[in-house]
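Lifted from TrEMBL, the feature list:
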DOMAIN    9-217  domain 'YjeF N-terminal'
BINDING   58-62, 130-136, D159, G325, H376, D440  (6S)-NADPHX binding site
BINDING   N59, D126, S162  K(+) binding site
DOMAIN    227-499  domain 'YjeF C-terminal'
BINDING   K411, G412, A413, H414, T415, G439  AMP binding site
Amino acid sequence: MKLYSAKQIYKADQISIKKEEIGSNELMERAALQLFNWMHLRMQGAPVKIHLFCGIGNNGGDGIALARHLVDHGYNIEVYVINYSEKRSKDFLINLDRLKDRKVWPNFMNCDDSLPEIGKEDIIVDGIFGIGLNRTPDDWVAKVIQHLNDSQAFILSIDIPSGLFTDEGPKDVNSIIRSNFVLSFQTPKLVFFLPETGPFIEQWEVLDIGLDPEYLKETETDYELIGKNEVLTLYKPREKYGHKGTYGHSLIVGGSYGKMGSVCLSSKAALQAGSGLVTSYIPKIGYVILQASLPEVMVLTDVDENELSNINFDIKPNVVGIGVGMGTTKTTTTALANFLKVIKLPLVIDADALNILSENKDLLKSIPEDSVLTPHPKELERLIGKWKDDFDKLNKVKKFSKKYKCIVVIKGAHTIIVHNEKGYVNTTGNPGMATAGSGDVLTGVITGLRAQGYAALDAAIFGVYLHGRAGDIAVESTGFQSLTASHVIDNLANAYLDMFKLPEQPVVEEENK
Ligand SMILES: NC(=O)C1=CN([C@@H]2O[C@H](COP(=O)(O)OP(=O)(O)OC[C@H]3O[C@@H](n4cnc5c(N)ncnc54)[C@H](O)[C@@H]3O)[C@@H](O)[C@H]2O)[C@@H](O)CC1
Ligand SMILES: [K+]
């Protein structure tokens with residue numbers, strides 16, 4: 001699913017109005033009706049108090065139009081207009097008049113007014129600012145927003161939580177609504193998925209207000225949301241006459257004294273992701289461990305007992321996953337530097353290999369083209385330096401990806417895969433996966449997919465999705481706290497199977513005869 005910018009949404013808005021020969025207030029009416037239907041379906045006329053807080057722009061206009069529909073259906077409402085500017089939008093004014101025709105008089109709130117009382121069981125509709133926010137709200141508006149956040153009432157935001165910018169980072173977190181639910185028009189916004197701004201959104205849903213499908217289809221976006229539909233198009237079915245050689249050979253390089261488990265996890269994950277063959281390359285100390293735990297995996301050992309000192313093999317893998325558990329000693333650093341000088345195969349680079357690269361930035365230019373790097377936030381910071389906010393981080397990663405011709409997987413609650421100018425935002429995974437070895441599993445999955453012939457970007461996107469989905473399925477039986485990396489591996493099979501499951505159909509009860 002494409003994630004459009006505010007500029008693109010405004011453009012879609014203009015094009016739709018022109019093509020359909022409708023007034024902009026008709027588009028607002030569509031939006032308001034969708035909001036109303038959504039609420040009405042769930043509330044079924046319940047007499048709960050609904051407080052609608054509206055700004056003076058079109059987001060406020062949506063709120064005022066929604067208030068009219070709620071009144072027409074007998075709901076118990078109170079409307080407030082937050083008068084933060086004199087520049088009321090045309091459609092806001094049209095809808096204000098329509099509301100007044102029904103003898104509903106909003107409370108106009110200015111900077112010195114006292115704050116209304118809101119009960120814990122009430123509902124707040126947040127229509128203060130939408131995608132038109134272009135500067136941090138004034139202090140008194142921030143106070144209103146804090147008052148709503150503190151009320152403990154359920155907050156339903158129209159389009160975007162008020163106070164969140166659509167395409168830049170927040171400057172004052174105290175001026176942002178904490179939404180329980182966002183009904184977002186036409187597209188979710190990128191900020192719903194970033195670490196700094198995501199926590200302001202508990203749940204979201206898209207309302208289709210029928211913006212011009214042609215424009216939406218043709219417009220390229222900087223970000224895409226990756227769900228089941230997106231990965232289904234990447235999936236490579238198995239061929240009847242395929243053999244294990246058809247599905248590639250993964251080499252997992254890593255491990256050191258006391259950290260052999262990471263290589264076990266990566267190697268097993270590569271196998272479970274479907275790699276035809278898997279070999280592990282480890283220091284001698286891990287030989288028995290690997291052979292005893294993974295009978296399907298072949299093992300090659302370094303000349304050194306405890307650490308990698310010379311990465312040298314005479315097999316022909318088609319991808320190498322490197323870095324897990326390998327440490328950053330001088331010997332291993334030299335081994336990695338020498339390896340990078342000669343290796344031409346695509347790499348999946350993780351953990352200590354990333355840390356070595358951060359400490360020795362001149363090695364970055366030796367990374368083979370189309371390699372996949374999988375840093376967690378700390379590793380990323382060591383690699384690209386500190387960032388101002390999430391947008392700054394994304395821009396820095398885009399530059400890095402272009403400069404070193406690689407794919408960067410920014411791991412997090414919503415992992416983002418960056419390739420050149422574009423980012424792919426993953427939707428699977430859960431907090432239970434913040435556990436030891438979870439990253440090693442991801443490295444193995446992406447390596448295993450790469451081995452099977454998935455292109456680098458596809459392997460990264462598909463791998464991140466599968467890994468998260470396996471974690472989501474696993475957590476249903478383990479709970480967040482007890483989820484381990486091994487559970488994620490054990491559920492890779494279920495994650496594959498789940499891709500082809502049809503959505504559950506509602507059960508129709510048989511009529512009594
Ligand atoms: N496709 C669309 O674009 C549609 C948009 N609609 C609604 O329109 C919203 C956008 O409306 P607007 O462009 O009027 O903008 P907003 O309603 O988001 O903001 C109101 C106006 O306040 C001003 N402003 C921005 N930041 C401010 C600040 N910190 N303090 C004081 N004033 C500030 C700006 O001039 C802005 O236009 C969307 O979020 C959505 O809810 C819907 O009506 C349906 C169609
Ligand atoms: K809003």
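Yeah, the Cβs are placed from backbone N, Cα and C, and that goes for glycine too.
The model shown is predicted, which means the values in this text are computed figures rather than measured ones.
Structural mapping of features recorded in TrEMBL.
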residue	record	contacts (Cβ under 8 Å, 6+ apart)
N58	(6S)-NADPHX binding site	S24, M28, S89, D91, F92, G130, G132
I131	(6S)-NADPHX binding site	A6, I9, Y10, N59, D159, I160, T166, K189
R135	(6S)-NADPHX binding site	none
S162	K(+) binding site	F53, G55, N59, D126, G127, I128, F129, G130, L133, P137, I145, I176, I177
H376	(6S)-NADPHX binding site	K411, G412, G439
A413	AMP binding site	P195, G198, G429, P431
H414	AMP binding site	F193, L194, G198, V425, N426, T427, G429
T415	AMP binding site	V409, V425, N426, G429, V464, G468
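For ligand 1, the nearby binding-site residues are D159; that is, of D159, K411, G412, H414, T415, G439, these have a C-beta under 6 Å from one of its atoms. Most Cβ neighbours within 10 Å, among the binding-site residues G60, G439: G60 holds that distinction in the structure as shown. Around N59 (K(+) binding site), taking its Cβ as the centre, 27 other Cβ atoms fall within 10 Å, counting all chains. Ligand 2 lies under 6 Å from the Cβ of the following binding-site residues, listed in sequence order from N59, D126, T415, G439: N59, D126. Other than the site residues N59, D126, S162, same-chain residues with C-beta atoms no more than 8 angstroms from the centre of those residues' C-beta atoms, the K(+) site, are F53, C54, G55, G60, G63, G127, I128, F129, G130, S157, I158, D159, I160, P161, G163, I177.
Shown in sequence order, H376, I410, I416, N426, G429, V464 are the same-chain residues outside K411, G412, A413, H414, T415, G439 whose Cβ sits within 8 Å of the Cβ centre of the AMP site. Sequence-distant contacts of D62 ((6S)-NADPHX binding site), defined by Cβ-Cβ distance under 8 angstroms and a gap of at least six in the same chain, are M28, A31, A32, L35, G127, G130, I158, D159. For the domain 'YjeF C-terminal' (227-499), the mean pLDDT of the prediction comes to 96.
Ranking the binding-site residues D126, D159 by how many other Cβ atoms lie within 10 angstroms of each Cβ puts D159 at the bottom. Taking all protein chains in view, 22 other C-beta atoms sit within 10 angstroms of the C-beta of L133 ((6S)-NADPHX binding site). In three-state terms derived from DSSP, D126 (K(+) binding site) belongs to an extended strand segment. Neighbour density around each Cβ, counted as other Cβ atoms within 10 Å, peaks among the binding-site residues K411, G412 at K411. Farthest C-alpha pair in the AMP-binding residues K411, G412, A413, H414, T415, G439: 14 Å apart.
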